[in-house]
């Protein structure tokens with residue numbers, strides 16, 4: 001027994017038990033882990049700081065960029081269709097001719113709160129080329145700037161020198177509203193206007209308005225800053241050509257708007273820089289007869305996560321006619337399939353290339369450049385140097401000048417004759433510019449907007465388009481075709497076994513059905529102006545099916561002949577038969593001796609219209625031609641208010657304006 005007794009004390013002898021060792025290891029492990037975990041993140045914030053700080057100062061501070069590059073003039077643009085951006089580029093380029101340095105800038109990319117700091121740069125000036133979109137709205141890229149101007153009452157811009165050139169269209173109710181607002185608001189915030197607000201009218205001659213304003217603007221700038229023009233009128237290149245002889249074709253753009261290969265590898269969200277390729281599921285002719293081609297297309301948006309509301313617009317990116325592109329290549333004697341890049345000579349510019357590069361001349365002329373609109377005067381001016389005939393050179397420079405003779409020549413020879421760049425090259429055989437310079441000068445091909453002709457409540461995975469194909473003979477005997485409508489017309493559901501598709505995205509609109517379905521609606525839309533109302537009618541029908549109480553739904557439609565271009569006749573008559581449309585009035589303008597339009601039918605039903613609007617709080621919607629129809633319809637409402645409301649014309653005008661302000665008189669019009 002003794003021999004066994006010593007064993008227990010021997011077991012107790014070690015300094016640490018197993019539990020102690022375990023706990024000790026755990027503590028040591030935790031301490032090491034704590035040290036390690038504490039040390040690891042330390043460098044990370046610094047790297048993060050370095051990574052994020054550098055780009056943000058580079059990207060959002062236009063002041064730092066101007067200081068770094070020695071620029072003193074900045075030209076901001078609010079642009080929807082590219083024209084304001086084009087004008088901004090021209091003005092920033094002009095600065096060089098006056099011994100100054102300019103840069104064009106998208107307000108969306110910069111911190112506009114820095115305007116107060118522009119005085120840190122001597123002889124500095126901010127120019128604003130601001131287009132108005134829709135019903136007096138800012139363009140998409142100027143929306144944040146507009147909000148900033150509205151919200152910052154205590155901002156002091158007393159050190160800011162500025163001027164504004166506004167781009168608009170007189171046929172619209174809110175002519176140049178955005179440009180006028182920016183001009184007035186900057187003055188209210190203490191900024192100094194150094195030259196009068198310029199008003200460009202696209203219904204007249206926008207180019208002439210801009211050139212005339214610009215001719216007076218630069219001398220005023222020189223006088224204000226005490227500088228003299230350098231008298232250097234030579235052409236200033238903004239980009240340099242690089243030809244790629246040995247390049248991986250997977251790195252070459254083939255028509256994508258933003259990301260390379262984005263059409264092969266589609267990723268939401270889809271927008272103007274990342275359009276969705278929507279398959280065409282329906283493409284049918286709407287009119288039964290006549291010379292015109294009116295069409296109905298349906299785009300499939302299944303799986304795209306795209307959402308839309310009735311009244312929104314669908315934007316599509318068309319391509320130019322390959323016949324025109326090939327002819328340009330032939331006239332200029334170039335191989336269109338050469339892979340090139342046009343690289344900005346200003347390395348600090350945010351805009352590295354005028355269009356996605358590297359690409360081929362063929363792709364650039366097909367997908368990226370506007371080759372069908374008459375070129376602006378600056379393009380003629382820059383190209384004049386390449387005319388071997390001195391007379392051609394003189395005429396081109398004359399057309400780009402502000403002399404009455406030059407303006408008149410540009411109006412008649414370019415605008416009235418609808419000469420595009422190909423027609424100019426064909427009719428001026430001595431003019432043979434290098435294709436890279438031509439590609440630098442031509443404006444970008446823009447997306448086209450169409451009012452959506454469907455309701456997402458009824459067609460959640462489909463977007464409907466209603467359009468008329470544009471085709472006409474010019475004074476020179478050429479056939480001019482609308483880029484987008486002819487391209488859409490040829491988008492057959494299956495083309496050589498392939499499904500046709502359309503690059504598109506949605507642009508939200510203010511053109512909305514009333515929040516309360518019980519409110520009556522009066523829809524006025526002749527021709528393709530019926531598009532959004534097809535969506536409205538579908539939605540009102542859907543609401544009725546849901547058991548909702550729906551107010552009166554009144555439609556005024558107009559076309560030329562009942563048996564020719566009565567669009568959606570079956571659908572409209574069916575909606576009337578089922579009680580979704582409570583009234584359907586159709587004006588056939590040419591089916592009788594005297595022309596009858598929608599405004600005449602409105603006047604015939606004036607008593608009912610007044611009751612709906614004045615007593616029942618109806619919402620009025622007008623869609624279609626801005627130049628004549630929208631104005632005539634508005635006048636009809638003035639007359640009804642005068643007769644039944646006992647108002648003067650001034651009071652009636654004010655009454656309709658109030659309806660507009662309250663969102664009860666909405667327009668979706670174009671000229």
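Using N, Cα and C of the backbone, Cβ positions are placed for all residues, glycine too.
Per TrEMBL, the features are as follows:
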BINDING   79-84, 131-134, 167-176, 202  FMN binding site
BINDING   292, 528, 589, 590, 595, 596, 597, 598, 599, 632  NADP(+) binding site
BINDING   448, 449, 450, 451, 466, 467, 468, 472, 482, 483, 484, 485, 670  FAD binding site
DOMAIN    73-218  domain 'Flavodoxin-like'
DOMAIN    273-514  domain 'FAD-binding FR-type'
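Taking the C-alpha atom of residue 169 (FMN binding site) as reference, the shortest distance to any of the binding-site residues 292, 450, 595, 597, 599 belongs to 450. Ranked by CA distance from residue 484 (FAD binding site), the binding-site residues 131, 134, 589 have 134 at the top as the closest.
Per-residue confidence over the domain 'Flavodoxin-like' (73-218) averages 95 (mean pLDDT, predicted model). Annotation for residue 172 (FMN binding site): same-chain Cβ neighbours under 8 Å, separated by at least 6 residues, are 132, 135, 136, 626, 669, 671.
Cα to Cα, residue 595 (NADP(+) binding site) and residue 448 (FAD binding site) are separated by 31 Å. Looking at residue 292 (NADP(+) binding site) and residue 448 (FAD binding site), their Cα atoms lie 20 Å from each other. Note: residue 82 (FMN binding site) has non-local neighbours 370, 443, 444, 446, i.e. same-chain residues 6+ apart with C-beta under 8 A of its own C-beta. Take 292, 528, 589, 590, 595, 596, 597, 598, 599, 632, the residues named in the record as contacts for NADP(+): the widest Cα to Cα gap among them comes to 24 Å. Taking Cβ-Cβ distances under 8 Å and a sequence separation of 6 or more, the neighbours of residue 468 (FAD binding site) in its chain are 292, 293, 294, 295, 485, 527, 528. In space, 134 is the closest of the binding-site residues 79, 134, 589, 597, 599 to residue 450 (FAD binding site), judged by Cα positions. Residue 482 (FAD binding site) and residue 134 (FMN binding site) have their C-alpha atoms 21 Å apart, to the nearest angstrom. Close to residue 134 (FMN binding site), meaning Cα to Cα within 10 A, are the following binding-site residues out of 589, 597, 670: 670. The FAD site in the record is lined by 448, 449, 450, 451, 466, 467, 468, 472, 482, 483, 484, 485, 670, and its two most distant CA atoms lie 23 Å apart. Nearest by CA distance to residue 79 (FMN binding site), out of the binding-site residues 448, 466, 589, 670, is 448.
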